[in-house]
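Listed in TrEMBL:
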- A:81-284: domain 'ABC transmembrane type-1' (DOMAIN)
- A:34-58: transmembrane segment (TRANSMEM)
- A:79-105: transmembrane segment (TRANSMEM)
- A:125-146: transmembrane segment (TRANSMEM)
- A:158-177: transmembrane segment (TRANSMEM)
- A:209-227: transmembrane segment (TRANSMEM)
- A:234-254: transmembrane segment (TRANSMEM)
- A:266-287: transmembrane segment (TRANSMEM)
Ligand SMILES: Nc1ncnc2c1ncn2[C@@H]1O[C@H](COP(=O)(O)OP(=O)(O)O)[C@@H](O)[C@H]1O
Ligand SMILES: [Mg+2]
């Protein structure tokens, strides 16, 4: 292959290059009102999020450091963290896979009942979580619809950590589907066709073209589903069995403390959960910023 | 590599996008598919590429039937209308994609791929932009990345869908001359889609004019312009005036005036007379010509563009005058169409 002798006119070569993204502060924006909107955002977040949350810390501070550690990091609390965070992560992972699949089907195929399926995806949002918990328990209990077939196979779902995961999969599904759906729709068919025209098979096209493009959105869905899972209470308590050290989630432990009028103890556990959740979500956000930056300058 | 399309038809539901298309691209040929929006150009190109499958008919490359081969196996380069670049990959990774997805046995070594990418970026004159992302490029540059990416797999056939559609006029002109050079040097057989007649006539060896899913004419650019096969082609490939006439005794009649035109094959009865603005003789009023009143005269190119109204016709005639004393608005003139063409009224 040799270079052609023809050359492009200067316009084509020099073509307006967009300068690499500048930090926001240095760029004059055509959108006025940054000061006001930013100020309001901070104020609003303080009012709705920060103030109530700091109340948790203030309350727990009443315990004193030694007692705080005793309650917040007791063996039982630690076991509940492991379950809550572990199950939430597992459920979010499951939802990432199947949520992506559902989003894919909803975006890419036109089929009768598509709207119905789409509406079904949102049901876990609308359903009172206790209803979901009761329904799931009825299905997965050893004598339930599904449970009776799983039991002989040695699979126990209800009243085990696995049951917790099942409940969290249920409540977290919409987050992944709804995060991924618009990005997938926007991705367009033509990049897939371009990959195929370059000789890429389905697997290469998926792993190297589609997945990286929807990665940030998928991560958002994962983060939302995860966050929801960590805090989930209503649907879990019915199916979990709530055995301390085995199938007791942190939110339940907090409620238990409250029922014993141990408010400081409850807030200690809540504080630990808060910090851990915040740290994890921050990490996810940073990964997102990093991956977004690579795509759009 | 030659391309033979025989008896292709394609329907989308009840809508016939392509009806019975026969087309041949000779090895090394640069073919333009020209037609208005919705005429089926993209559909035909996609069927040739293997992105779409026809309801009937076959596609063959060098005599080998590829109708049922998916695009992955056809070895054609395809440049998409919106470029379809991979946004999350650098320019260099975009170009390398076709090589890096090859099976291990045929995949070049990393260093070799890097060298090829360098070469291709050089070819499309984007040498220093390999590390950028598509979002950081201008339209013309993205276009060329798309082209380099398609060429990386060394296709023998290059298919381009409105390759210059999204670019501004100057960039477009440079780019198409350059593309033509590239085509010749690499010995490709290329088909490109356009709705711009000037582009098709300037660039292609032969032009395929399409309308409503059928081919109206396949000819060299000069023949398309000078010897259009149908009223549609005459109208689509250049400016034209049309007059409703009736044909009697070898002459065309319009409101009491008769023209001598080649009526070959046109049966007596209603017909439409077509002529181009520059194919007229403008004479003084009263001469044996179509009487008209100048309504507008403005300079254009080397001469004067005149709009003149005639009795019995709503729209004014568009005429070019190249002499020294152009008529002025209000003047009465006589118009004698030269090289006029008759097509059956439709
Ligand atoms: N996938 C499709 N489904 C339904 N109709 C289609 C599809 N693709 C193209 N068409 C229709 O076929 C006709 C020809 O389309 P196309 O080949 O894109 O025309 P062109 O490229 O000449 O503008 C258009 O009327 C278009 O609406
Ligand atoms: Mg098109």
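Numbers run from 1 along the shown chain.
The backbone N, Cα and C atoms fix where each Cβ goes, glycine too.
A TrEMBL annotation is a machine prediction, not a hand-curated record.
Distant neighbours of the transmembrane segment (A:125-146): 156-159, 163, 166-167, 170-171, 174, 232-239; these residues of the same chain sit at least 6 beyond its ends, with a Cβ under 8 Å from one of its Cβ atoms. Contact count against the transmembrane segment (A:158-177) (Cβ pairs under 8 Å) is highest for A:234-254, out of A:34-58, A:209-227, A:234-254, A:266-287. The listed stretches are A:34-58, A:79-105, A:234-254, A:266-287; of these, A:79-105 has the most Cβ pairs under 8 Å to the transmembrane segment (A:209-227). Tertiary neighbourhood of the transmembrane segment (A:234-254): same-chain residues 75-77, 79-81, 83-84, 87, 128-130, 132-134, 136-137, 140, 157-161, 163-164, 166-168, 170-171, 266, 269-270, 273, selected by CB-CB distance under 8 Å and a gap of 6+ residues from either end.
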